[in-house]
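Below is one structure, written out as structure tokens; the observations come after it.
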Amino acid sequence: PQRWLARGRGSPRLVLVVVFVALLLDNMLLTVVVPIVPTFLYTTEYEGANSSTDPARPQPAPPALKAPPFSSLFSYFDNTTVTVSGSQSPSEVPNGTESGRPSQTPGSPPAPQRGCPEGHEFLTKENVRVGLLFASKALVQLLVNPSVGLLTNRIGYHIPMFIGFTILFLSTVMFAFSGTYTLLFIARALQGVGSSFSSVAGLGMLASVYTDDSERGNAMGIALGGLALGVLVGAPFGSIMYEFVGKASPFLILAFLALLDGALQLCILQPSRISPESTKATPVSTLLRDPYILVAAGALCFSNMGVAMLEPTLPIWMMQTMCSPQWQLGMAFLPASISYLVGTNLFGILANKMGRWLCSMIGMAVVGISLLCVPLAKNIYGLIGPNGGLGFAIGMVDSSMMPIMGYLVDLRHTSVYGTVYAIADVAFCMGFAIGPSTGGAIVRAIGFPWLMVIIGVTNLAYAPLCWCLRSPPAKEEKMAILSQECPMQPKTYTRQKPQREFPLTEDSDVEAENVE
């Protein structure tokens, strides 16, 4: 086994396995809370408050056809005296009364449609609170990412990867035993710190071990398949376990799987070893001034913002308009998850052949059209088409933009990847921070359909900008284009060469000193 591990530590495939599993567990935890949190808060806060303020009023029946405790009993026969649980005296059922229909207290509000939750105003306000809770993870990750990118350049990728596992394990256990909104909020924010370490270190590690651009694209597609599988399994797994087992059960299972991931990292990555990058990385400020990196980051941000807005708002919209049971709230995301899994694996290979810029442009257009079709659904089956198209299109964008980020660094900057994948993760997190936090407020102000119109049109308008990534200029062409001189014909580059090339740029002397 020791000889096998020694050989395996030098294998890029085992590194890919570690990154795949880390992204899988991170995104299972990301989406497993989507169907749980709205119904859990509704049960603990709205129904709990009503039962405490009005204990004499019988509780409404749940969606499942079970008789609630202390409900009235009605006879199927005439002239029968029936004892009602909790009453002071027996009540008589008059002759000719309809059997099976509960009596309604005078002055009480009319009963809601069967299966629909009460408290429309509470659910409307809950859009904002649930959106902020979901956005807290991405917001914290957004703030931590730049520091993690600099840390990976100094100590390597292995130790940050293991730190991410440790924090994610603690966050998962905290989710299992949190019973209030505040504790859930803290657990979600803590998950953002762990996700930052795992995603930045994982993607940077893949880019460093797969130096060929084509192989790197395939590896990124497989790694994003782990992300897609986590999204695929998370929401349905969470809704079914919460409905039939309990709130803590899905999180405890994820905590056990996280321990296995930690053991895998200990065996393969040796996280006690410090391995800094041999060359100095390009500063973050320089990368942020690169327009091509900004276009790629914007595509990641806006395409993922659509599904980020759906996560807190779609389950509540389904509860209000479709009267959906709890298990359907998670199953609604299943078509998007399956198609995302197919899209990332298919276009990880195909995008390199058809052109990653074209793949991402088509993907963003399909994202916009799919979002515009979501409010047209009348039941859960009407969501299959729009959600399926949405997941497939986001898979096209992600599997194209992640390799482009590494390619742009090779082409125009120093080939050190921690910082650029920190920027990519920042763009991803901006979508998941802005989306839920603003989505809930927009739904409360103008409604769910208009929210889908806004984000759908935004994606359609941004899609043509992907044309700019068709032939990005290499580093030696940069000065000629910026000074608006005679443009040179763009070439195809696979990786920046260590030797100096002509014409020299202003940074050539600095790079020569670093190489020496």
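Glycine is treated like the rest: Cβ placed from N, Cα and C.
According to TrEMBL, the protein carries these features:
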type	residues	note
COMPBIAS	83-106	compositional bias 'Polar residues'
COMPBIAS	504-516	compositional bias 'Acidic residues'
DOMAIN	15-474	domain 'Major facilitator superfamily (MFS) profile'
REGION	83-119	region 'Disordered'
REGION	491-516	region 'Disordered'
TRANSMEM	14-37	transmembrane segment
TRANSMEM	163-187	transmembrane segment
TRANSMEM	193-210	transmembrane segment
TRANSMEM	222-242	transmembrane segment
TRANSMEM	248-269	transmembrane segment
TRANSMEM	290-310	transmembrane segment
TRANSMEM	330-350	transmembrane segment
TRANSMEM	357-377	transmembrane segment
TRANSMEM	389-409	transmembrane segment
TRANSMEM	416-435	transmembrane segment
TRANSMEM	447-469	transmembrane segment
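Against the transmembrane segment (14-37), stretch 222-242 shows more Cβ pairs under 8 Å than any other of 163-187, 222-242, 290-310, 357-377.
Counting residues 6+ beyond its ends, the transmembrane segment (222-242) has Cβ neighbours under 8 Å at 16, 19-36, 39-40, 202-203, 206, 249-250, 253, 326-334, 336-338, 340-341, 343-345, 348, 391, 395, 398-399, 402 in the same chain. With pairs at least 6 apart in sequence, the transmembrane segment (290-310) and the transmembrane segment (193-210) have fewer than 3 Cβ pairs within the 8 Å limit; the two do not touch. Scored on C-beta pairs under 8 angstroms, the neighbour of the transmembrane segment (330-350) with the top count among 290-310, 357-377, 389-409, 416-435, 447-469 is 389-409. Highest Cβ pair count under 8 Å relative to the transmembrane segment (290-310), across stretches 357-377, 389-409, 416-435: 416-435. Ranking 163-187, 357-377, 389-409 by CB pairs under 8 A with the transmembrane segment (416-435) puts 389-409 at the top.
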